[in-house]
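Record features, source TrEMBL:
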- 122-435: domain 'EccD-like transmembrane' (DOMAIN)
- 120-138: transmembrane segment (TRANSMEM)
- 144-162: transmembrane segment (TRANSMEM)
- 167-189: transmembrane segment (TRANSMEM)
- 195-212: transmembrane segment (TRANSMEM)
- 224-243: transmembrane segment (TRANSMEM)
- 249-272: transmembrane segment (TRANSMEM)
- 300-319: transmembrane segment (TRANSMEM)
- 325-343: transmembrane segment (TRANSMEM)
- 350-370: transmembrane segment (TRANSMEM)
- 376-396: transmembrane segment (TRANSMEM)
- 416-432: transmembrane segment (TRANSMEM)
Amino acid sequence: MTPPQATGTLTRLTLAAPWRRVDLVLPSETPLGELLPEIVRLLGYQTAESPEAYRISLFDGRVVELDQSLRSAAVPDGALLRVDRISEAPMPAVVHDVTDEVADDLDRRPGRWGDDARRWLATAVISAAAVWATLLAAPTTPPPVLVAAGLIALVGGTALALPGARVIGTAVLLAGAAATATAVPHWLAEWPLRSLAWAVLVGLTVLAAGAANGRLRAGATGAGTLLGLLGLWAVPSALHLPIERTATLLAIVSTVVLGLLPRLALVTSGLTRLDDQQLGERPTTRSSVRAAVDSAHRGLALAVVFAAASAALAGWNLAHASNGWAVALACLLGVTTCLRARACPLTAEVVSLTAATLVVVVGLVSNWLFVAPAQWWGGVLVAVAVLSIGFAALAYRPPAHVRARARQLADRVEGVAVVAMVPVAVGVFGIYERLLQTF
């Protein structure tokens, strides 16, 4: 049914701003430009701006010009009008000039070529050229010399970026890291040593890139997590501890680290210090708080990615062990890693934890099929279950109260799984069997 048109001298309207609505009666014959100062005051706009700074529109997208009256604009009685600043107003539904619309679309199009894209492309070309030069020099140059040259470039790029030449310095340090990574296989013949060297190089590169771009705390959080976990992987291997026992230790450590990382990120970013400063009635600037929050998120994202990689490696090795305790620990690790994702706010964190969970699941299924090839149907059922979960996540969004109950259930399941990991880990070391033999 068509709304009634305003036939009298007054028109009833509801005016809406982003934070307030007002019901009022306005003259039908007065141009809206004359009424606008009082309208914006009633809607709570604080700044005194010219009428041209605002746009009035119906909710179907039609714009009401300020030189029109409500009657001449055919605004019906009881209509709902939006009042927005021009900079915040929605785009009109009707396009009057297609050429202008196409030109404006290019400005807001994501992925447009610009300064950022130019810098990243140039950096990628520089790094690729460094890799090419390393490959060409490898047959005639001693590998330690190539590694040393790459590390010198990495350190030099960091030093160059610290005074302010961040773009050039970052390109140099990334080129040095790429050259070093290319030279490692020519220097180390064994894969475990190569993997160790590459992991150390990644940690150093993260730390250097953080320092070069004014994000030292975030880089230190990520690099510290990576190098710490790497040391825990390397020491038991150097002591010739069986791989399943090393994986057991790292499964426990990775789970604990994933639980502690949010608190660690808050501490290293300086947010807790700012909170204490605020409690002490010392002023805290908004810019410092935002910088600390950004640092916390960057450091947390890097650390979660590295901890998830450690958990995935531990779960893969446990899943392929011949020890039943190790397989049980791999199952518990997959559960805890998957459930930890619900506490992570950023996409990179959730993706890395989900990928780690899938690595553990694939490891368990592959070991199952290796032990019992005739039961191939079991692997198919697991794959179908994973597909079903994926389609359910795409097609169904549960109500808020269901999600709240699911979170409570997940909290309980995660708590039980974490507690159960400790006695299961003890079983991996064969302590229960020795106790039974002793008594």
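Glycine residues also receive a Cβ, built from the backbone N, Cα and C atoms like all the rest.
Counting residues 6+ beyond its ends, the transmembrane segment (120-138) has Cβ neighbours under 8 Å at 146, 150, 153, 170-172, 174-179, 182-183, 186 in the same chain.
Only residues 6 or more beyond the boundaries of the transmembrane segment (416-432), in the same chain, are considered here, and those with a CB under 8 A from a CB of the stretch are 244-245, 248-249, 251-252, 255, 259, 318, 321, 323, 325-326, 328-329, 332-333, 335-336, 339.
Beyond the transmembrane segment (167-189), the same-chain residues lying 6 or more positions past its ends with a Cβ under 8 Å from any Cβ of the stretch are 119, 122-123, 126-131, 133-135, 138, 143-144, 146-147, 149-161, 197-198, 201, 204-205, 208-209, 212-213. Sequence-distant contacts of the transmembrane segment (249-272) (same chain, at least 6 residues past either end, Cβ-Cβ under 8 Å): 217-218, 220-221, 225, 229, 232-233, 236, 289, 292-293, 295-297, 299-300, 303-304, 307-308, 310-311, 313-315, 318, 329-330, 333, 336-337, 340, 343, 353, 418, 421-422, 425.
Listed as Cβ neighbours of the transmembrane segment (325-343) (distance under 8 Å, sequence separation of 6 or more from its ends, same chain) are residues 244, 247-248, 251, 254-255, 258-259, 262, 308, 311-312, 314-315, 318-319, 349-350, 353-354, 356-357, 360-361, 363-364, 367, 407, 410, 413-414, 417-418, 420-421, 424-425, 427-428.
Stretch with the largest number of CB pairs closer than 8 A to the transmembrane segment (144-162), among 195-212, 224-243, 350-370, 376-396: 195-212.
Sequence-remote contacts of a segment are chain residues at least 6 beyond its ends whose Cβ falls under 8 Å from one of its Cβ atoms, and for the transmembrane segment (376-396) they are 358, 361, 365-366, 368-369.
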